[in-house]
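Enquirer: Pasting the relevant annotations from Swiss-Prot:
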DOMAIN    2-56  domain 'ClpX-type ZB'
BINDING   Cys15, Cys18, Cys37, Cys40  Zn(2+) binding site
BINDING   Pro120, Thr121, Gly122, Ser123, Gly124, Lys125, Thr126, Leu127  ATP binding site
Amino acid sequence: MTDKRKDGSGKLLYCSFCGKSQHEVRKLIAGPSVYICDECVDLCNDIIREEIKEVSPHRERSALPTPHEIRHHLDDYVIGQEPAKKVLAVAVYNHYKRLRNGDTSNGIELGKSNILLIGPTGSGKTLLAETLARFLDVPFTMADATTLTEAGYVGEDVENIIQKLLQKCDYDVQKAQRGIVYIDEIDKISRKSDNPSITRDVSGEGVQQALLKLIEGTIAAVPPQGGRKHPQQEFLQVDTSKILFICGGAFAGLDKVIGQRVNTGSGIGFGATVKGESEKATEGELLLQAEPEDLIKFGLIPEFIGRLPVVATLSELSEDALIQILKEPKNALTKQYQALFNLEGVELEFREEALNAIARKAMKRKTGARGLRSIVEGALLDTMYDLPSMDSVDKVVIDESVIAGQSKPLLIYGKPEAQASGE
């Protein structure tokens with residue numbers, strides 16, 4: 001066969017593994033005295049992929065972090081919200097322990113516990129879900145509940161959520177079935193009243209009904225990569241009972257619903273118990289007392305609430321917490337901008353009074369941690385625009401007056417001898 005693999009004119013080349021000639025395959029790759037065809041390359045890739053799939057479950061089983069380890073990792077990235085972190089750590093640990101033991105333990109079937117996060121805008125709901133998925137090294141996708149509609153109506157079908165998850169892991173069904181799905185703005189699909197309506201509510205109660213089976217566990221048929229381009233391909237079957245669903249929402253007004261229930265026994269008229277301002281529960285304290293009946297009154301259907309048995313409440317972030325968020329986490333906002341300026345060879349300093357001013361401004365806007373970036377971006381915009389065109393800037397200092405818009409950042413120049421010689 002050696003004479004057939006020579007590169008002389010008129011000589012046919014053959015694959016050293018399967019023996020097919022260069023005319024029988026699409027591509028023949030040459031190596032030192034050997035050749036391999038594209039078909040053999042594909043076969044080798046398939047064999048390697050299968051071996052990786054067989055080995056990976058054992059590696060994951062021994063690497064499952066404990067609730068304490070999960071909580072400790074969340075502390076590195078999320079400031080405050082201690083009760084919510086504890087609830088999440090236990091729920092996530094139990095979920096993946098269940099998956100690693102095949103949904104059963106001593107013949108007892110273990111149910112799935114999806115999670116509902118209740119908390120104001122910018123309190124860290126999305127960040128908690130993202131951090132969990134990154135730490136556990138599982139596929140993660142987000143969906144906005146306000147874009148979802150029932151199948152057959154204009155909008156996004158609920159099964160598109162699973163397709164997005166598959167896209168994140170290159171359509172590997174086994175990986176997708178270990179993933180985490182975060183559905184944001186879940187409070188926006190509450191029905192208009194707590195009484196069943198005879199009219200069709202395709203973006204409220206209708207979406208809740210459509211999400212029921214998906215969250216509880218069903219076999220979702222998802223078109224393969226390419227979708228309608230290859231209609232002859234079989235649909236991918238994804239078991240959603242193995243996917244952890246985390247739903248989050250601000251639930252504005254839920255505190256009033258809880259307050260009505262909690263204060264029912266205070267009476268009216270001369271027998272009423274009058275509470276002073278200091279005795280009244282804050283919004284955060286009321287949300288901690290949320291019960292399924294309150295969520296039903298808010299507009300979630302009982303069946304939907306039943307699929308989200310684990311409820312974690314996040315409180316509104318205080319000014320001190322916002323200051324901590326600016327400087328303490330591993331990926332703190334100030335550290336991100338300092339790294340960005342370092343790429344220009346410039347040191348960036350935020351003075352303590354500047355951090356206080358940023359936090360106060362975010363508190364006034366009522367946007368929580370989410371509003372911090374826009375405030376810092378606004379303060380640094382002109383500097384980031386000019387800096388790449390400037391020479392000899394060693395340091396940029398941000399103080400309170402910069403955040404208030406009363407002055408520009410202080411630029412400290414270096415190399416005075418170079419400037420003097422240039423003159």
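The backbone N, Cα and C atoms fix where each Cβ goes, glycine too.
Given the structure is predicted, the values throughout are model-derived calculations rather than measurements.
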Enquirer: If I take the alpha carbons of Thr126 (ATP binding site) and Cys37 (Zn(2+) binding site), what is the distance between them in whole Å?
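Expert: Cα to Cα, Thr126 (ATP binding site) and Cys37 (Zn(2+) binding site) are separated by 47 Å.
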Enquirer: Out of Cys15, Cys18, Cys37, point to the one nearest Gly122 (ATP binding site) in space (Cα versus Cα); all of them are binding-site residues in the record.
Expert: Cys37
Enquirer: Beyond Pro120, Thr121, Gly122, Ser123, Gly124, Lys125, Thr126, Leu127, what residues of that chain have CB atoms within 8 A of the centre of the ATP site's CB atoms?
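Expert: In sequence order, the nearby non-listed residues are Gly119, Gly248, Leu314, Gly368, Ala369, Arg370.
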Enquirer: Any idea what the Cα distance is from Cys15 (Zn(2+) binding site) over to Leu127 (ATP binding site), rounded to a whole Å?
Expert: 52
Enquirer: Neighbourhood of the Zn(2+) site (Cys15, Cys18, Cys37, Cys40): other residues with Cβ within 8 Å of the Cβ centroid, in order?
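Expert: Apart from Cys15, Cys18, Cys37, Cys40, the close residues are Ser16, Phe17, Gly19, Lys20, Val25, Leu28, Tyr35, Ile36, Asp38, Glu39, Val41.
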Enquirer: What are the non-local neighbours of Ser123 (ATP binding site), defined as same-chain residues 6+ apart in sequence with CB under 8 A from its CB?
Expert: Gln81, Leu314, Ser315, Glu316, Leu317, Gly368, Ala369
Enquirer: Per DSSP, Cys37 (Zn(2+) binding site) is which: helix, strand or coil?
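Expert: DSSP call for Cys37 (Zn(2+) binding site): strand.
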Enquirer: In terms of DSSP three-state secondary structure, what is the assignment for Pro120 (ATP binding site)?
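Expert: SS state of Pro120 (ATP binding site) = coil.
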Enquirer: Can you work out the mean pLDDT of the predicted model over the domain 'ClpX-type ZB' (2-56)?
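Expert: Overall, the domain 'ClpX-type ZB' (2-56) comes to a mean pLDDT of 77.
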Enquirer: Where does Thr126 (ATP binding site) sit by DSSP, helix, strand or coil?
Expert: helix
Enquirer: In sequence order, which same-chain residues at least six apart have a C-beta under 8 angstroms from Cys18 (Zn(2+) binding site)?
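Expert: In sequence order, Cys37, Glu39, Cys40 meet the Cβ cut-off.
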Enquirer: When neighbour density is defined as the number of other C-beta atoms within 10 angstroms of a residue's C-beta, which of the binding-site residues Cys15, Cys37, Cys40 has the lowest density?
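Expert: If we count Cβ atoms within 10 Å for the binding-site residues Cys15, Cys37, Cys40, the smallest count is at Cys40.
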Enquirer: Give me the count of other Cβ atoms within 10 A of the Cβ belonging to Pro120 (ATP binding site).
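Expert: Other Cβ atoms found within 10 Å: 21.
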